[in-house]
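What follows is a set of notes on a single structure, which appears directly below.
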Amino acid sequence: MPRLSEPSPYVEFDRKQWRALRMSTPLALTEEELIGLRGLGEQIDLLEVEEVYLPLARLIHLQVAARQRLFAATAEFLGEPQQNPGRPVPFIIGVAGSVAVGKSTTARVLQALLARWDHHTRVDLVTTDGFLYPNAELGRRNLMHRKGFPESYNRRALMRFVTSVKSGADYACAPVYSHLRYDTIPGAKHVVRHPDILILEGLNVLQTGPTLMVSDLFDFSLYVDARIQDIEQWYVSRFLAMRGTAFADPESHFHHYSALTDSKAIIAAREIWRSINRPNLVENILPTRPRATLVLRKDADHSINRLRLRKL
């Protein structure tokens, strides 16, 4: 049985308890497909998909159906005709967590699994990177050293985008970010057309504030968690690996790191982590963890072995 000690809004599971909740949910993902979804340095395998992600997909599938019934009940109470009866209200999922914790892989795997369920085959994934202010604007605001912190995002534009999707607009456009250029791409748009499910992935998507925030529009949210020292090690390892991949491209904003020796690269990575990523995690990202519907806790080997579900 899941662990229930003191009265709490959460119920905690180890992996064995959680995997039992898969029931008969089929695995509709191949090893080749998983390789394409796996991020640099991530260790996720099909066993973890079966034991962690399939129960999660089943839970979300059940909640999507329940949410649609709730919307229908509210419309009935208000005496309103059901708008676009063949087009359900989009179900919005937020995925949050630190840099290098693996939230992008989690979001991609979840997208692939949810799109294989009947009744919600249109599943879009948008990252909040595109809503960062362009570098020129960050420079004008003296925020380049705060890139990734909440104030470096155009939160009004992000709110307008999610509101448009949630309200059933025929389409909504999200700006596009280039990790190669380390900047938004002028004029580039990710067009979302009335999805059944929208997954919004980003560092600060669970932020709260004195006014309506994007997290207030979520129907379900995930926080990918791990010990801070483990995330730091994953960040450093990824930084070292990227010298031979993304950094090696002459067009990369970080091309100058590609020629660093291991020792110098480790020093550079730890300096970036300790001056930018760790403070952002501690000050802004980690405090939002209690707001998540489900927390996925990773061990040092990247495996998910503990989960905490919000039941209230």
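Quick reminder: no glycine exception, Cβ is built from N, Cα and C everywhere.
Annotated in Swiss-Prot:
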type	residues	note
BINDING	Gly97, Ser98, Val99, Ala100, Val101, Gly102, Lys103, Ser104	ATP binding site
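Annotated features, which come from Swiss-Prot, shown on the structure.
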{"residue": "Gly97", "record": "ATP binding site", "Cβ within 10 Å": "31"}
{"residue": "Ser98", "record": "ATP binding site", "Cβ within 10 Å": "24"}
{"residue": "Val99", "record": "ATP binding site", "Cβ within 10 Å": "20"}
{"residue": "Ala100", "record": "ATP binding site", "Cβ within 10 Å": "26"}
{"residue": "Val101", "record": "ATP binding site", "Cβ within 10 Å": "24"}
{"residue": "Gly102", "record": "ATP binding site", "Cβ within 10 Å": "24"}
{"residue": "Lys103", "record": "ATP binding site", "Cβ within 10 Å": "24"}
{"residue": "Ser104", "record": "ATP binding site", "Cβ within 10 Å": "22"}
Lys103 (ATP binding site) falls, by DSSP collapsed to helix, strand or coil, into helix
Taking the centre of the Cβ atoms of Gly97, Ser98, Val99, Ala100, Val101, Gly102, Lys103, Ser104 as the ATP site, the remaining residues of that chain with Cβ inside 8 Å are Val224, Ile231
Reduced DSSP state (H/G/I helix, E/B strand, rest coil) at Gly97 (ATP binding site) is strand
